[in-house]
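Enquirer: Dumping the structure here so I can ask a few things about it.
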Amino acid sequence: MLHNIRIVLVETSHTGNMGSTARAMKTMGLTNLYLVNPLVKPDSQAIALSAGASDVIGNATIVDTLDEALAGCSLVVGTSARSRTLPWPMLEPRECGVRSAREAEHAPVALVFGRERVGLTNDELQKCHYHVAIPANPEYSSLNLAMAVQILAYEVRVAFLDRQQAAAPIVEEEEAPYPLVDDLERFYLHLEQVLSHTGFIRQAHPGQIMSKLRRLFTRARPEAQELNILRGMLTSIEKQDKYPQRGADGSEHNGKN
């Protein structure tokens, strides 16, 4: 299960933080590190501060975009303070660990950490199913990157051990599979295109409407089959003659022959 947990660092600017993160991960049994557009590449300082976790650094996956790091994941949790202009479903660290451990038994899970100074952007946070806030001392809440990783990695490990060491097998109601992040992004693109064509939103400025719709569907968290129904509804609207239809490659063409 732990191999399905991805620790994703976005635009890290200090190699020492990469090394300290690798150390924090390995102590909790996590090895899957993703670096999104790092401002510097891992170097000797990263290896030194990894303190024996150089294999985590050496095997890190370096990608250009957050979308690449999230590809194939069924659950994405982003670290954030609570004060955001657009509220989002929040988790406490313990609940984050429990949910991550449960879903990682079936599909990859990403825990996303932002830049050292400014964290994650609103656009990046909207790609997450949940946000997690670490309840630090409000008078001094300064956690460095590796500390934050250590806290969430610990919660994942505790939840993992609880599931492994339960006296009796954990019996849970069988859940239908959730769509992967890639499928959700295709749905949001499809939804925005259809709503633009119907005039419900302005194509040049989808802005707040799409943000609120993302929040709605994130909160509802539709299953894969339910998402297929929604896609089918959008396709049905597109089939009306006055709306362009999309080809397999996403290009648009008029529905009239």
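Each Cβ is built from the backbone N, Cα and C atoms, and glycine gets one as well.
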Enquirer: Taking Swiss-Prot at its word that Thr79, Ser80, Ala81, Ile134, Ser141, Ser142, Leu143 bind S-adenosyl-L-methionine, choose the one of Gly58, Gly97, Gly114 listed for that site.
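Expert: Answer, per Swiss-Prot (S-adenosyl-L-methionine site with Thr79, Ser80, Ala81, Ile134, Ser141, Ser142, Leu143), from Gly58, Gly97, Gly114: Gly114.
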Enquirer: Which of the three DSSP-derived classes (helix, strand, coil) applies to Ser80 (S-adenosyl-L-methionine binding site)?
Expert: coil
Enquirer: For Leu143 (S-adenosyl-L-methionine binding site), write down the residues of its own chain that are at least 6 apart in sequence and whose Cβ falls under 8 Å from its Cβ; none is a fine answer.
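Expert: When sequence neighbours closer than 6 are ignored, Leu143 (S-adenosyl-L-methionine binding site) has Ile134, Ala136, Ile151 within Cβ distance under 8 Å.
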Enquirer: Would you count the other CB atoms within 10 A of the CB of Ile134 (S-adenosyl-L-methionine binding site), including those on all shown protein chains?
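Expert: Step by step: centre on the Cβ of Ile134 (S-adenosyl-L-methionine binding site), count other Cβ atoms within 10 Å, giving 17.
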Enquirer: Taking the Cβ of Ser142 (S-adenosyl-L-methionine binding site) as the reference point, list residues of the same chain whose Cβ is under 8 angstroms away and which are at least six residues distant in sequence.
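Expert: Listed in sequence order, they are Ala136.
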Enquirer: So, in DSSP terms, is Ser141 (S-adenosyl-L-methionine binding site) helix, strand, or coil?
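Expert: Looking at the DSSP assignment, Ser141 (S-adenosyl-L-methionine binding site) belongs to neither helix nor strand, so coil.
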Enquirer: Highest CB neighbour count within 10 A among the binding-site residues Thr79, Ser80, Ser141?
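Expert: Going through Thr79, Ser80, Ser141 one by one, the largest Cβ count within 10 Å is at Thr79.
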